[in-house]
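Beneath this line is the structure, given in structure tokens, with notes to follow.
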Amino acid sequence: MSRATKIALLDYGMGNLHSASKALSAVGAEVSITNDPKVVAAADKIFFPGVGAMRDCIAGMHEAGIDDVIRQAIFNKPVMAICVGMQALFEQSAENGGTPCLSILDGTVPAFNPEWKDEKGVQIKVPHMGWNTISGMNFEHPLWNGIEDKAHFYFVHSYYCEPADSSQVAAICDYGQPFCASILQDNLFATQFHPEKSHTAGLQLLKNFVDWDI
């Protein structure tokens, strides 16, 4: 019997750690909630959560030393980031008039424009909160195994990622205009939506990450 995949769930004072830990455990992972670089180094994979204000997230990461941990881990093991964790990978967020991020990926994080309109001509509400569909996935990639086109996932965000390299976009969502719902670059995978809150499809995606063999 093969051993469970060890996942370091990064704890820097932000993120719904309990929900993420419970969901990852439910799909067979051995989860350690940690900010200890030694525990992270010993893990098979890294899970990078995030909710709340970007400025607070970046400050929390720096104080806990998680920013350096992420930069080191990104080169040698699979990493999955969600929501603000995904946004933090880029260079700068528009939040608070401009907040520097980790600059692991080139690109920015602009705000949704409340003047945008949906397909019915109704102005969108900000934040984008609730269920929405994603599309444009490469279904030959194992991370999307068992996920259908137009699958529903749960979103809560006022900002969205604009990667400088469009080849990193792994899925799109539409909210007033199409935006990047997921990125994939080598061993780095990230989603704007919350898989741990997305029921069957979310658990399938987390299982795919746990099983992902690069």
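Heads up, the Cβ atoms here are built off N, Cα and C, so glycines get one too.
Record features, source Swiss-Prot:
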| type | residues | note |
| --- | --- | --- |
| ACT_SITE | CYS83 | active site, nucleophile |
| ACT_SITE | HIS194 | active site |
| ACT_SITE | GLU196 | active site |
| DOMAIN | 6-214 | domain 'Glutamine amidotransferase type-1' |
Neighbouring C-beta atoms (10 Å sphere around the C-beta of GLU196 (active site)): 24
Integer Cα-Cα distance in angstrom, HIS194 (active site) to the residue listed as 'active site, nucleophile': 7
DSSP three-state assignment (helix, strand or coil) for GLU196 (active site): helix
Pairwise CA distance, GLU196 (active site) versus CYS83 (active site, nucleophile), rounded so that it is a whole Å: 11
